[in-house]
Amino acid sequence: RVPSLLKLLVKEVLNPFYIFQLFSIILWSFEDYYYYASAIVFMSIISIATSLYTIKKQYVMLHDMVAAHSVVRVSVCRGNKDIEQAMSTELVPGDVIVIPANGMIMPCDAVLFRGTCIVNESMLTGESVPVTKTSLPSAGEEGARSYNMDEHKKHTLYCGTHVIQTRFYAGELVKAVVVRTGFSTEKGQLVRSILYPKPTDFKLYHDAYLFLLCLVGVAGIGFIYTIVLSIMNKVPAKTIIIESLDIVTITVPPALPAAMTAGIVYAQRRLKRIGIFCISPQRINMCGQLNVVCFDKTGTLTEDGLDLWGIHRAEDDSLVNTTFVACMATCHSLTKIEGELSGDPLDLKMFSATGWILEEPTEEETALHNPIMPTVVRPPKHIACEIGIVRQFPFSSALQRMSVVVRRLGVKHMDAFLKGAPEVVASLCRQHTIPQTFTETLEDYTRQGFRVIALAHRQLESKLSWHKVQSLSRDVIETNMEFLGLIIMQNKIKPETAGVLCELQRANIRTLMVTGDNMLTAISVARDCGMVRPHEKVIIADAVPPKDFQPASITWHYTENQAQAVKDNEQEQSYHFAVSGKAFAVILEYFPQLLVLRATVFARMAPDQKTQLVEVLQSMDYTVGMCGDGANDCGALKRAHSGISLSELEASVASPFTSSTSNISCVPNLIREGRAALITSFCVFKFMALYSIIQFISVILLYSVNRYLSFQIFSLCHLSLMTTSSLSVSLNPAWKELVWRRPPSSLISGQLLCSVLTQILTCLVFQVLAFLLVRQQSWSIFSLRVNVTDPQNHKNIRNYENTSLFYISAFQYLAVAIVFSKGKPFRQPSYKNCKAKTVLSAMRVNSNFNETCLVLGLKKRNICWLRGAALTALRLLLPPQIVCVPHDWRVTLVIIMIGNAAASFLLEVRLRNTTPCLLAVIELLLKLQTVICMH
């Protein structure tokens, strides 16, 4: 069910930040400080409404995903062989349901035990190619085994998948047994993982709370100081409480969540403009810290489709009307949907190369489907040959092969054709039929990056009838085969792949290939796309699990033909490990971290192993990105810090990012925007901290001499200076290229802390300097008539100290915003950003209009009209509590401001230049310590 808006609202408002904002608003209401309180209420309402809209939309989307099939009528077979109509919500494991001829969307997980179904599973796997589901074997060794969800995927109909067509026999219905319902189904688990994802820790958000605790500590000091000072001045208790709590709201800025959100919102908009859509905005910051990206191969690094490059037959006779061509035309799982051939891209390419025609029974004939009307393939018209496909054993990823049983028109005996991984097919063939150069030929093709498929044939005994064939297990059929030859398929690398991988490597971002394809093919593609450079060596790691009291072992060998050995003096030589899924399963239990550190290619990896690899990398403090086309990558996409799906199918709901472009060029774009957003978050945190501390210093200095800032000044600082400054800090777009350096991952880092502390000391020095100087002026001491007390709250708010500190602090807001608007190498500088220039220019005018105008000589008699106009404008711009100070003091204030700006800028530049070297040394020492601890 979709939660009500009230429940979502309560859950959202219970956020600690909103509770603190509510406390601040109540406090300001007691002080009649309505302007800023109203602004905070407005920003909070907008933020909460936006958040509620997004959350509600996601809940509705998930509800719609489930509702399409969760409440439908299904036909259920009862014990007395009657068929009843029942609601899908009433189904329980063990019920037998009937799959209608025109298909349906499955409301549960069910195992097919009668008939055949063509199913679109794109919702779960991201694979757009329909698959054929066959009935569960009832005889032979396979039929004797208990049902297992993983082993019998080819016989299982999953919840939420679309059954397009059914194939059944005369007088029989297509039936399936319910095995799982509700959240226990495959789709239920997907929905549950979206609703309750496994938390992904990111140091920034953890450090943010520590950072705020530091500000709370500063607020506590000011709170105690204010109470003590007020008691000494015999201030009323009510005023003491309010003024002390004011210090807390000044030091811990209530507008921090809105300021933090601004940078992420701008980054999300920029991503949308380049075709990258985000359903988890908080993950944008994580993209800025990615230091390893895992890529699927097929459809991601390479093109989706395969091209038939050539064939290599075991015999050299004529190809026309041969057993080899017949195997290509029949050994597949193709079907016709609305008159168009549909199926695996490899099968489509292979079948189309033969020029044969596939004919299936029509919709009317389907109801009478029987042994006399199988699927038929026939060659072009000038060749007299027709072959009917009697039985199909679907492709199994565990077995790495598929086979069919066929009968030629006019021939009494049947034939079996086999297609699969070359090593597997060769192991099932008679030895004398396999060419002596088989191994060398296979390695030669796979090393060049081709995908190689082997074909085999066997003539079955004449006594085998159609009924007997239907009851035989595949192990009986797939044996003593005759090797026919190899089909060589080419999987072209996408044009953008090599350039993107090179850019990532230059940026010191590690790239890995995680694929279910052949090991040698994967290594070849890794070399071709630049993931492994020409001069670098690849070592294949083969691991064997413990067996018969023998411990687990691991062996190494080079991919090159010539034998090589690793010499002691070549320890620094560049090399990569390549690991198969089988070896990874063994290594995972013993020492995964040591091997994963140098492994680049992971081949024959199952979907769950891809997820395990991501988790192993995360356990080693890598920030992991995963890029895939959605096929078998959903688990890894969900688990990675940044999952980037190149598929816009329904399965991509679980991926934080979805790219509308079908190549990996989106990866560096996302990392650039992530780095810019991360730096923006740091800059906003630093600015908000400085903004709070600057105002805290001003208030504490004024409290010490029984002076106060007026509400109008607070409003000007909050609404004008703070808001515009925080926005200007967030506006800088990402830098145009990736650099080898990564932004800091922690707020509690040496560079950031040094930057913040240095700026705090700079602002403190210049504020104290201005405060002490103004107190020493003769006109400040004797011109007591200027020191006016507000009749409403009895606070001394119109005085020289107040005015001087206001101008100094206002300028410090501007200076800090400019200093913290860090540009290269992660963001473009502010002077290239028109919006930021406009905002900062407006602030500069607002802050220094008074001093600049008067210092430049507006007091001269001959331009008194200009002076009058300027003063009129100032009265409109500035709070009435600002007093007019002597001309010489205005010049002094301008000099102090210039000195403050110069000091802030020079110290920040100096810090940026020296800190990276120191941090690099510290990072090297920490890595050395980690390696020593691991050993």
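Count begins at 1; order follows the chain as displayed.
Note that Cβ sites are derived from N, Cα and C of the backbone, with glycine treated the same way.
TrEMBL labels come from automatic prediction, so no person has curated them.
Summarising the annotation, TrEMBL assigns transmembrane segment to 36-55 (among others).
TrEMBL lists 73-194 with the feature domain 'P-type ATPase A'.
As annotated by TrEMBL, transmembrane segment applies to 208-227 (among others). Sequence-distant neighbours of the transmembrane segment (208-227) (same chain, 6+ residues past either end, Cβ-Cβ under 8 Å): 240, 243-245, 247-248, 250-252, 256, 685, 689, 692-693, 696, 699-700, 703, 747-748.
Residues annotated as transmembrane segment in TrEMBL: 247-267 (among others).
Same-chain residues lying 6+ beyond the ends of the transmembrane segment (678-703) with a Cβ under 8 Å from its Cβ atoms: 204, 208, 211, 215, 218-219, 222, 225-226, 229, 243, 246-247, 250-253, 255-256, 259-260, 262-264, 266-267, 285, 288-289, 709, 717, 722, 725-726, 729-730, 732, 743-744, 747, 752, 755-756, 759-760, 763-764, 767-768, 771, 801-802, 805-806, 809, 812-813, 816-817, 820-822, 826-827. The transmembrane segment annotation in TrEMBL covers 678-703 (among others).
According to TrEMBL, the feature transmembrane segment maps to 709-731 (among others).
Among the features that TrEMBL reports, transmembrane segment is placed at 752-774 (among others).
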DSSP residue counts for the domain 'P-type ATPase A' (73-194), split into helix, strand and coil:
27 helix, 43 strand, 52 coil
What mean pLDDT does the predicted model reach across the domain 'P-type ATPase A' (73-194)?
79
